[in-house]
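Student: I'd like to ask some things about the structure below.
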Amino acid sequence: MELHNLSSPSPSLSSSVLPPSFSPSPSSAPSAFTTVGGSSGGPCHPTSSSLVSAFLAPILALEFVLGLVGNSLALFIFCIHTRPWTSNTVFLVSLVAADFLLISNLPLRVDYYLLHETWRFGAAACKVNLFMLSTNRTASVVFLTAIALNRYLKVVQPHHVLSRASVGAAARVAGGLWVGILLLNGHLLLSTFSGPSCLSYRVGTKPSASLRWHQALYLLEFFLPLALILFAIVSIGLTIRNRGLGGQAGPQRAMRVLAMVVAVYTICFLPSIIFGMASMVAFWLSACRSLDLCTQLFHGSLAFTYLNSVLDPVLYCFSSPNFLHQSRALLGLTRGRQGPVSDESSYQPSRQWRYREASRKAEAIGKLKVQGEVSLEKEGSSQG
């Protein structure tokens with residue numbers, strides 16, 4: 001996601017600061033930041049920081065190398081050494097595909113920041129670059145949420161039809177999600193870009209419905225999935241406690257997976273949300289110095305956003321025992337030959353929980369029988 005400057009009568013994030021999901025408006029021309037109403041307070045003119053460019057260029061280069069190595073290893077393991085696939089594997093592979101969208105475009109962003117935010121590859125390449133970056137963010141959020149909800153179904157609703165979905169059904173769900181993700185970000189391929197910069201939004205002098213929609217979508221992409229993930233964590237925790245699943249590997253691993261999902265989610269996407277909203281508040285308050293600082297911090301937070309391609313392989317280790325085992329084997333960290341490790345663990349209630357439930361049912365049935373006998377005795381005595 002890219003952000004850069006604010007400039008319109010309504011509060012909005014600027015092109016160097018706004019994520020790619022904020023589509024450029026063909027009718028709007030680039031302009032400086034203005035105060036609310038663009039009047040008496042005078043315009044705000046935040047400057048591009050060479051310090052931010054100097055920070056982002058090497059960081060993104062390092063993320064490219066680490067992300068390429070980690071995700072190449074992940075793709076190799078999932079495609080060659082993972083048999084059979086499960087619904088969880090389908091969503092993990094989709095996350096790998098999303099990461100490669102980012103990794104393949106990071107070298108162009110590194111070059112962009114090395115040249116102090118000067119794009120030299122043409123408008124068509126700029127459109128594709130911003131489209132891929134935006135698609136990566138949306139896909140990462142969507143499939144992290146899908147992984148969390150898949151774990152929720154396995155633990156909390158083990159007998160639900162969705163919990164027993166086949167690999168083919170999971171693949172169709174993932175395909176449908178990809179179609180929606182591409183449609184949400186396709187506007188970037190139809191937008192017009194000019195000038196030396198390659199930014200996802202050029203703010204004009206008039207606010208547009210498109211801008212407000214994309215701002216709302218940007219926030220919704222963060223808060224709605226986060227709410228679903230937290231709901232899954234709380235539900236799984238309560239289920240583990242109530243059903244006595246604490247001693248089973250599957251439910252415990254599900255909790256670790258969701259904890260890792262939350263960690264990746266907050267580390268990668270929360271900084272841009274915080275500084276983006278701070279930029280909007282500074283814009284509303286016509287605080288030019290604060291606005292300049294917040295937009296530069298937002299721009300720098302792109303390093304965290306792009307970090308998801310590095311952290312996702314760590315998530316795969318938590319989510320798939322087979323992936324962890326195969327990774328250790330390929331890296332020479334295990335001794336001897338071991339059979340494949342199944343990713344499917346038991347999520348059924350423990351023996352103690354089943355015993356308690358059976359006792360409760362037997363007790364309830366006994367009470368019903370006693371009540372029935374009492375009622376029969378009353379009827380007999382009344383007839384006599």
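Any Cβ shown, glycine's included, is placed from N, Cα and C.
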Student: Name the residue from C79, C198 that Swiss-Prot records as disulfide-bonded to C126.
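Tutor: That would be C198, the partner Swiss-Prot lists for C126.
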Student: Tell me if A54 and G332 end up on the same side of the membrane in Swiss-Prot.
Tutor: no
Student: Out of 1-21, 22-42, 337-357, which range is noted as region 'Disordered' by Swiss-Prot?
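Tutor: That would be 1-21, per the region 'Disordered' entry in Swiss-Prot.
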Student: Specify the secondary structure state of C126 (disulfide bond) as given by DSSP, simplified to three classes.
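Tutor: In the DSSP reduction, C126 (disulfide bond) maps to helix.
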Student: Is the transmembrane segment (130-152) close to the transmembrane segment (257-277), in the sense of at least 3 CB pairs under 8 angstroms with a sequence gap of 6 or more?
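Tutor: Contact between the transmembrane segment (130-152) and the transmembrane segment (257-277): present, because at least 3 Cβ pairs are under 8 Å.
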Student: Take the transmembrane segment (130-152) and find every residue of the same chain, 6 or more past its ends, with a Cβ under 8 Å from one of its Cβ atoms.
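Tutor: 1-2, 19-21, 87-88, 91-92, 94-95, 97-99, 101-102, 104-105, 109, 173-174, 177-178, 180-182, 184-186, 188-189, 198-200, 221-222, 225, 228-229, 231-233, 235-236, 254, 257-258, 261, 264-265, 268-269, 305, 308-309, 312, 315, 319.
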